[in-house]
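What follows is a set of notes on a single structure, which appears directly below.
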Amino acid sequence: MTCTIVVGGQWGDEGKGKIISYLCKKDNPSIIARGGVGPNAGHTVEVDGEKYGIRMVPTGFPNVNAKLAVGAGVLTDPEVLLKEIQMLEKFNVGERMIIDFRCGIIEEIHKELDKSNEHLSKEIGSTGTGCGPANVDRAMRTLKQGKDVESISKYLGDVSEAVNEALEAGYNVLIEGTQGSLLSLFYGSYPYVTSKDTNAASFAADVGVGPTKIDEVVAVFKSYPTRVGEGPFPTEMSVEEAESLGVVEYGTVTGRRRRVGYFDHELAKKVCRLNGATQIAITCLDKYDNECYGITEYEKLSEKGKAFIKEVEEKVGVKVTLISTGPELTQTIDVRNK
């Protein structure tokens, strides 16, 4: 039995979707449970060359043997959820989905408030998905819960009970975090943050798992960090620099161009300490050095690629166990058992 949490180490968009999908295939968890804020964070999953952009369904959905869960701490937009279940019909997502009956519900009024609030939309760079206003209502105890919405009633259940029973029975469980540690309401660059905490301890609480049940925390870092929206970015490079390196990205949810920077070892060290990270996953190493593209054995990485990994381990103090060298799941180096 192993309970693993995957957390973003930067400002989101680190490639958690790829790492989560890989772990779900390799480790075959019984339940894949989603923590985090809500549908404000998007993940892109590539399966057999086809890309899926999702915001509610756990990104481990390609593992058709696992139950998929959305924890009580996660805000749920029924409209988004039902569209994704339909889109992923060939993966039998609807038959495997458990939405906690206590989850908070985003309604149209929350999205309207989010988009019309000038402070949130222009100064902070909110995604406009209604999460902030919904969390306000939750704090005021006026927010609807999953059990109050008929359209999702067939998917409702007790996620905490399901996850804990799976762990007690000796099964693997994977908890998906969303966004990144540096967007945490508590520990990020306030006020340019999201509407709740985005660290491992909170993700465990979101799905109803106690801290002593967590075995592994995988912090995911991209070889070059990116950020959507406003806020400090200590190692940010110019648009011209990013384009010269061939690094041009757009957000999954907002479609806004991502700001790009250089890897920040000091911030990475703080993030790993904050999350109690036991492992690091590095994504997009092939963007740092295209000679690393598609490599699946550590020994075959370029010297430049190896030097990057070594520097991360030495300066951050946590072992790099997973390295992504391309978008496909097979383009992954896994040294966890070496």
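The backbone N, Cα and C atoms fix where each Cβ goes, glycine too.
Fair warning: this is a prediction, and the values are worked out from it, not measured in the lab.
The annotation GTP binding site is assigned in Swiss-Prot to 12-18, 42-44, Arg258, 284-286, 324-326. Residues or ranges marked as active site, proton acceptor in Swiss-Prot (evidence: sequence analysis): Asp13. If you look up Swiss-Prot, you'll see Asp13, Gly42 marked as Mg(2+) binding site, on the strength of sequence analysis. Annotation source Swiss-Prot lists IMP binding site at Asp13, Glu14, Gly15, Lys16, Asn40, Ala41, Gly42, His43, Thr127, Arg141, Gln179, Thr194, Arg256. Under the heading active site, proton donor, Swiss-Prot lists His43, citing sequence analysis as support. Residues annotated as substrate binding site in Swiss-Prot, with sequence analysis given as evidence: Thr252, Val253, Thr254, Gly255, Arg256, Arg257, Arg258.
The secondary structure of Leu285 (GTP binding site), as reduced to three states from DSSP, is helical. Of all Cα pairs drawn from Asp13, Glu14, Gly15, Lys16, Asn40, Ala41, Gly42, His43, Thr127, Arg141, Gln179, Thr194, Arg256, which the record names as binding IMP, the longest spans 34 Å. Here Thr325 (GTP binding site) is positioned 20 angstrom away from Arg258 (substrate binding site), judged by their C-alpha atoms. Looking only at the recorded positions His43, Thr127, Arg256, the one with its C-alpha closest to Gly15 (GTP binding site) is His43. Comparing Cα positions, Thr44 (GTP binding site) lies closest to Asp13 out of the recorded positions Asp13, Thr127, Gly255, Arg256, Arg257. DSSP assigns Gly12 (GTP binding site) to coil in the three-state reduction, placing it in neither a helix nor a strand. Look at Gln179 (IMP binding site): DSSP puts it in coil. Comparing Cβ neighbour counts within 10 Å across the binding-site residues Arg256, Arg258, the minimum falls on Arg256.
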